[in-house]
Amino acid sequence: LKDMKVWFSAANQIFFTLGPGLSVLTTYGSYNLPTNNCYYDALIAVLANFIASFLAGFVVFSGLGHMAYRLKKHITNVVGQGQGASLSFIAYPEILATFKYPTFFSILFFLMVINLGLDSDFGGLEAMYTALSDEYPLLKRNRKYGMLIMCGLLILACLPTVTQGGNYIVQFLDKFSTAPSLMLIVMLEAITATWIYGIKNLVNDMRLNLGFEPNLFFRVAWTILCPFIVISLMILSLTYSDPLIYGNYEYPQWSIIFGWCLNICFILPVLFYILQTFFQCTHGTMRERLQQLFRANKTSSIKWQQENGRTANI
């Protein structure tokens with residue numbers, strides 16, 4: 001537990017399972033009624049994720065322990081280095097092979113994995129298409145065709161992952177798809193919500209829409225702990241950068257540079273949007289235009305939903 005890499009890996013897994021900063025939760029939340037109790041929704045989601053991850057850990061590591069005992073190896077030598085992304089595909093089949101009807105339960109397991117993958121894709125597709133359609137209303141009027149084109153492009157983009165070298169591509173994406181770019185986005189979201197929009201405005205919104213205020217612990221966590229923890233994790237991701245290895249293959253230096261370039265590309269839209277907003281604001285001095293970038297939008301949630309076509313069921 002003293003190894004900071006362990007905490008960083010655990011936090012990285014939380015980013016995958018809960019999905020903060022990936023826009024999926026934000027997109028789904030934009031369709032909620034203003035009076036929807038998002039406070040308890042968040043608590044239930046975090047608790048369910050914790051229980052599921054905790055139980056999955058028991059299954060995976062007990063399976064690895066059984067493999068280590070059967071093969072007479074140390075548990076660290078059961079799987080190759082850098083195979084964390086495919087760990088469940090090693091442990092679960094090993095456990096299912098000990099069942100009375102292994103073929104039947106293996107079919108059920110992999111059908112479940114396929115359904116979970118499809119379900120995860122639904123959220124990501126919805127988030128991407130909703131963001132694009134909010135900027136370009138033409139996509140709202142041609143949703144079926146737009147979604148079809150997007151799915152086709154994503155299928156083409158994912159084809160290299162099912163080739164003979166696909167595992168190496170998946171491992172590469174697993175390394176560079178989150179930290180530190182995703183952590184930077186989460187940090188900006190936390191600072192924007194609690195410091196720019198303001199914790200007082202956030203608490204007032206919850207009191208008006210939900211009928212109660214969050215306690216002191218959540219106010220401190222949102223205002224101080226969350227930004228501090230995310231900043232610390234982002235620094236750790238830059239400090240503890242191990243060589244990228246899959247099995248016995250060590251990735252060349254040019255691939256590492258390319259991965260960091262991808263991380264920068266993930267952040268560039270934020271910078272472009274800041275510059276766009278700055279140049280669109282043509283009134284006032286330079287200082288006033290900069291202040292406008294950090295001024296909260298006071299548009300009510302109901303008015304925003306009506307302007308963006310989110311209130312069809314209200």
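These residue numbers are counts, starting from 1, taken along the chain as shown.
The backbone N, Cα and C atoms fix where each Cβ goes, glycine too.
Annotation comment: TrEMBL describes 12-31, 43-63, 75-93, 99-118, 145-162, 182-199, 220-241, 253-279 as transmembrane segment. Marked as Na(+) 2 binding site by TrEMBL: N49. What TrEMBL lists as Na(+) 1 binding site is L116, D119, S120.
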Leading stretch by Cβ pairs under 8 Å, where the reference is the transmembrane segment (253-279) and the options are 12-31, 99-118, 182-199, 220-241: 182-199
Stretch-level contact, the transmembrane segment (182-199) and the transmembrane segment (220-241), CB cutoff 8 A, at least 3 pairs: yes
The residue listed as 'Na(+) 2 binding site' and D119 (Na(+) 1 binding site), Cα-Cα, nearest whole angstrom: 16
Distance from the residue listed as 'Na(+) 2 binding site' back to S120 (Na(+) 1 binding site), taken between C-alpha atoms, in Å: 14
Remaining residues near the recorded Na(+) 1 site, that is with C-beta within 8 Å of the centroid of the site residues L116, D119, S120: N115, G117, L118, D121, F122, G123
Contact set, same chain, for the transmembrane segment (43-63): CB under 8 Å, 6 or more residues outside the stretch: 13-14, 17-18, 87-88, 90-92, 94-95
